[in-house]
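What follows is a single structure, written as structure tokens, with notes after it.
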Amino acid sequence: MTSSTTSDLYFLPFDPASLTFGVSFPLTSCHSNNCRCTVFPVDIDPKNITDQESLTRLGLLHPSEWRVFGLEGFLGFLFILNPWRKGSQRYWVTRCLRDYPCKPNVTNLDKLQHGVDNVWKEGYSEYRLQQGKKTQPKTLLHKLRWTTLGYHYDWDKKQYHQERYTEFPPDLSQLSTHVAQSLGFPHYKPESAIVNYYGLDSQLGGHVDHQELDYSKPIISFSFGQTAIFLLGGKTKSVKPTAMFLQNGDIMVMSGDTRLAYHGVPKILKPPIVGLLPEGLCEDERREGLHDSMLPSAMEETWEQSALFMEECRINITVRQVVAEGKGFGKRSCDDESQTEPKRTKEAQGS
């Protein structure tokens, strides 16, 4: 991966206060002269909802309460506005910070610093001491940029390997499966995920997720923490991307025509007040109707530490099915597309 250039549409010098082309859900259309996209509501078929108890246990509202939208011109793109029960997002943030980056899972730190079995345990004390001191060297947690789960993507060879696999987290598998089923993807099988950790100065360049072996299955994206600007384009970089805000708790699905669309994250927005947590992660929020499994005592006791980190962080989990159903590993469900790779700034690469 290489550094970005100013000519790259996916590394635009964004001024969020004067966003020139963008979508704000749930508005019915873009609010600028440069975009003619129409936002439309999407109804969920009640027949797709099969296990309400599991949805509650995972922290989700009943799908009948979800606010789901599509975007005209982007067939297969779905946007769900924060469908979480109050307080439940803490569980997933905690998993992303304290559990998923542990061995045997793979992180970007494996190449930077060997022997890190538990990133949070080994890195938080140093992070706490240097928090807010911009002149200090980057800590272990500052350097954490990604964790891979299930089939571990090979960033050097740009592919998945059958032997590079560890157990996919059961809770994340259940979450992704239930979201997929509710949206009309009954045979979705979560097999790989990339957890990205964005600092306030991080970016992710325009790219297409084409390395999986089955393009008929969607990519499901879960966002937590500070707000990001997300760009969604077309099959080539010549298509001017449409910008939208991805806020804490939002879920996004890329399927159909948008499964192989260019997309990127040019900017993470700083909170309007230093130290302000997004709605859904605030300490004093009530936890209405949550299953006991979403509130382990250890998580509650240590949330103050996680909250401090999330004041200047965005976490994104992208879940995908790797293997084409019935075809086995190494065989695609469709013809391969042109090869495209994401570009990250040095900050996003953790170097």
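Cβ atoms are placed via backbone N, Cα and C, with glycine included.
Annotated Fe cation binding site per TrEMBL: H207, D209, H263, in sequence order. Of all Cβ atoms in the protein chains displayed, 24 besides its own lie within 10 Å of the Cβ of H263 (Fe cation binding site).
Residues annotated as compositional bias 'Basic and acidic residues' in TrEMBL: 332-351.
Taking DSSP states H, G and I as helix and E and B as strand, the domain 'Fe2OG dioxygenase' (189-323) has 22 helix, 47 strand, 66 coil. Annotation comment: TrEMBL describes 189-323 as domain 'Fe2OG dioxygenase'.
If you look up TrEMBL, you'll see 328-351 marked as region 'Disordered'.
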